[in-house]
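Before any comments, here is the structure.
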Amino acid sequence: MDKVIVVASKNAGKIKEFKEMLEPKGFEVKSLADFPDIGEIDETGTTFSANAIIKAQAITDKYNIMAISDDSGLEIDAFDKQPGVQSARWLGHDTPYSYKNQVVLDRMKDETNRSCRYVCAIAVTRPGKEPVVFEETVECVIAKEPSGKNGFGYDPIVYYEPFGKTMAEMTNEEKNRISHRGKAVVRLETWMEHEGL
Ligand code: IMP
């Protein structure tokens, strides 16, 4: 494999999905775990795109290499689009998702507007070039109860109506085909081919 992509993340679930999508295309996917001296990157942006650029740019600036970063999260309309860019930190970074998901369900108990979406912004940064960002969404609803063991994070309560199942009930292939991240990766790949990368 000659093409290396650094995914500026330590999130094992996200890195696994990136590997599944990019390794078959001949990319070696590295993560922040391969760059321990970079330390924590503060996500100070208020949008997914801004945070994606901050993370990738930190790698490019330090190592003078191309990097990509995904910033993603869940917007729940009844919560005024929270947790949004706070999705990983919401109710505490280390709080188990079984608990976070139950809090969402409890707060949504009498809510009729259950619409939500996953958003994913993928930023590409390269030495001496402007960052490029691809942002995609997948429209879903909050389920009535958690279901499914696949995926990660909020997936057991995020119900995708066209398939009649939660994200956690999908196979990896199904999720990657319709997900916010899957769609953003397709745009990334198209752009990379166009750029000859
Ligand atoms: P980030 O690592 O700061 O981009 O945070 C992303 C967070 O958004 C994750 O830790 C999850 O809480 C949530 N999230 C993003 N994409 C997904 C997904 O595909 N499934 C479940 N949760 C997701």
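All residue numbers here begin at 1 and follow the chain in the order shown.
Cβ coordinates come from backbone N, Cα and C, glycine included.
What TrEMBL lists as active site, proton acceptor is Asp71. Per TrEMBL, substrate binding site is recorded for Ser9, Lys10, Asn11, Ala12, Gly13, Lys14, Ser72, Phe152, Gly153, Tyr154, Asp155, Lys175, His180, Arg181. According to TrEMBL, the Mg(2+) binding site annotation covers Asp42, Asp71.
Structure with TrEMBL features highlighted.
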residue	record	DSSP (3 states)
Ser9	substrate binding site	coil
Asp42	Mg(2+) binding site	coil
Asp71	active site, proton acceptor	strand
Gly153	substrate binding site	coil
His180	substrate binding site	helix
Residues Ser9, Lys10, Asn11, Ala12, Gly13, Lys14, Ser72, Phe152, Gly153, Tyr154, Asp155, Lys175, His180, Arg181 [recorded substrate binders]: greatest CA to CA distance in Å: 20
Residue, out of the binding-site residues Gly13, Gly153, whose Cβ gathers the largest set of other Cβ atoms within 10 Å: Gly153
Proximal but sequence-remote residues of the same chain as Asn11 (substrate binding site) (Cβ under 8 Å, at least 6 apart): Ala88, Phe152
Cα distance (Å, whole number) from Asp42 (Mg(2+) binding site) to Ser72 (substrate binding site): 15
Cα proximity to Asp71 (active site, proton acceptor), best match among binding-site residues Ser9, Gly13, Gly153, Asp155: Ser9
Between Asp42 (Mg(2+) binding site) and Ser9 (substrate binding site), the C-alpha gap once rounded to whole angstrom: 12
Candidate with the highest Cβ count within 10 Å, taken from the recorded positions Asp42, Asp71, Asp155: Asp71
Least buried by Cβ count (within 10 Å) of the binding-site residues Ser9, Ser72: Ser9
